[in-house]
Amino acid sequence: MAMQKIFAREILDSRGNPTVEVDLHTAKGRFRAAVPSGASTGIYEALELRDGDKGRYLGKGVLKAVENINNTLGPALLQKKLSVVDQEKVDKFMIELDGTENKSKFGANAILGVSLAVCKAGAAEKGVPLYRHIADLAGNPDLILPVPAFNVINGGSHAGNKLAMQEFMILPVGASSFKEAMRIGAEVYHHLKGVIKAKYGKDATNVGDEGGFAPNILENNEALELLKTAIQAAGYPDKVVIGMDVAASEFYRNGKYDLDFKSPDDPARHITGEKLGELYKSFIKNYPVVSIEDPFDQDDWATWTSFLSGVNIQIVGDDLTVTNPKRIAQAVEKKACNCLLLKVNQIGSVTESIQACKLAQSNGWGVMVSHRSGETEDTFIADLVVGLCTGQIKTGAPCRSERLAKYNQLMRIEEALGDKAIFAGRKFRNPKAK
């Protein structure tokens, strides 16, 4: 079924920054998609086109990307008369029309907006739910509900506190369903709020960009201690484990790491990658930490490799791999990590996201689907994670509607699947394992 009309507009994301929204019309109706954007971005990501006009939205407008869709991409696609079910052909056409390595001509935010809308229209054209259409595109007969990784304590570039490491997450792996995982996560979150309030005062329970708390603590193990206390207070020490996103590229300074990077610079306090690795090993030993994302800088390959060989937990590449097949292949070859963080806007199309996921999975890696810190009410990634069977998703705390939109959609999907619903649970790293 051909596209009848493609129209893009500028809307605002959850941080009050402009982003791209696309309406695509077919005979089946209107299909709308919105593009997210990140705060801590890897230098190898596809280009998010911003206007740079300082007098408007402080330079962050996206009118150029919107115009690229309305004046060029849209008309070219309509003229080409491609079917919305041919996701790969549509994406390939847009990528070739752009012609750059990092989508800098039209902007990854323009191409992705159209790509997401096409995927939604394709599902409707086939008369199947979006998650089933995505599973078909990926060649997956199965559908798997993911373990949610709730980012409940925020630091790094996401928060105004002194904490260097960006995210401290809880994963209810011992739940028997996604719905139960949501309940456990929410209960631990509320207990955590009480623990933080009692220890640091009420103003310490204000939330960050992703709905997590941002108490003014400096020591990273203090955040882990708070999680441990909240998990026990909620009564789930056997069901909830901990994940971290360090985002270490944000505090990498001249070959060393500055764990107090939000204070005036003191090179005497910077530590080596090896020392930082020892700190992580102490976390793994003393707390139920099962996953660490971006433990080192995106170009500090040697430290990644030596660290991975000495631990048996999940080590996730985000800034390291940026959902890019070339970077993933490099990380596989160097044995730098064992899990891919999948962000659709890092690579800029649905087809390439699916390819990146399959490349990681074919090399024995886990895959975690992820939101960005600047989100919208769009729920595409909820269907994506079920269709790709990755078994794990991180899309913030159980707080703030742009985060809950995804989690609530996952609960609806589980309900729709009924007794066919499979929850990844403790097999979140390799949910397809029998």
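Keep in mind that glycine also has a Cβ here, set from the backbone N, Cα and C atoms.
The model shown is predicted, which means the values in this text are computed figures rather than measured ones.
Residues or ranges marked as active site, proton donor in Swiss-Prot: E210. Cβ contacts within 10 Å of E210 (active site, proton donor), excluding its own Cβ and spanning all protein chains shown: 30.
Residues or ranges marked as active site, proton acceptor in Swiss-Prot (evidence: similarity to another entry): K343. The 10 Å shell around the Cβ of K343 (active site, proton acceptor) contains 24 further Cβ atoms across the protein chains shown.
Around the Cβ of S370 (substrate binding site), a 10 Å sphere holds 27 further Cβ atoms from the protein chains shown. The substrate binding site annotation in Swiss-Prot covers H158, E167, E293, D318, S370, H371, R372, S373, K394.
Positions annotated as Mg(2+) binding site by Swiss-Prot: D245, E293, D318. In three-state terms derived from DSSP, D318 (Mg(2+) binding site) belongs to neither a helical nor a strand segment and is classed as coil.
Look at Swiss-Prot and you will find A2 tagged as N-acetylalanine, backed by a large-scale study or a structure entry. All protein chains considered, the CB of A2 (N-acetylalanine) has 12 other CB atoms within 10 Å.
Within its own chain, T72 (phosphothreonine) has L97, F106 as residues 6 or more apart in sequence whose C-beta sits under 8 angstroms from its own. Taken from Swiss-Prot, the feature phosphothreonine covers T72 (among others), and the record attributes it to similarity to another entry.
Around S83 (phosphoserine), the C-beta neighbours below 8 angstroms that are at least 6 residues distant in the chain are M1, A2, K89, G122, E125. Positions annotated as phosphoserine by Swiss-Prot: S83 (among others).
Feature annotation from Swiss-Prot assigns phosphoserine to S157 (among others); the stated evidence is similarity to another entry. Cβ neighbours within 10 Å of S157 (phosphoserine), excluding its own Cβ and spanning all shown chains: 18.
S176 (phosphoserine) falls within neither a helix nor a strand when secondary structure is assigned with DSSP, and so counts as coil. If you look up Swiss-Prot, you'll see S176 (among others) marked as phosphoserine.
Residues annotated as phosphothreonine in Swiss-Prot, with similarity to another entry given as evidence: T205 (among others). In the three-state DSSP scheme, T205 (phosphothreonine) falls into the helix class.
The Cβ of T229 (phosphothreonine) has V195 as same-chain neighbours under 8 Å, each 6 or more residues away in sequence. Annotated phosphothreonine per Swiss-Prot: T229 (among others), in sequence order.
In sequence order, P172, G174, I184, E187, V188 are the residues of the chain that are 6 or more apart from Y236 (phosphotyrosine) and have a CB within less than 8 Å of its CB. In the three-state DSSP scheme, Y236 (phosphotyrosine) is classed as coil. Taken from Swiss-Prot, the feature phosphotyrosine covers Y236, and the record attributes it to similarity to another entry.
The phosphoserine annotation in Swiss-Prot covers S263 (among others) and is backed by a large-scale study or a structure entry. Taking a C-beta cut-off of under 8 Å and a sequence gap of six or more, S263 (phosphoserine) has these contacts in its own chain: K162.
Here is what falls inside 10 Å of the CA of E293 (substrate binding site) among the recorded positions S157, T205, E210, D245, D318: D245, D318.
In space, S370 is the closest of the recorded positions S157, H158, S176, D318, S370 to K343 (active site, proton acceptor), judged by Cα positions.
S370 (substrate binding site) carries a strand DSSP state (E or B).
Of all Cβ atoms in the protein chains displayed, 16 besides its own lie within 10 Å of the Cβ of T205 (phosphothreonine). Cα-Cα distances to H158 (substrate binding site) place E210 within 10 Å, out of the recorded positions S176, T205, E210, D245, D318.
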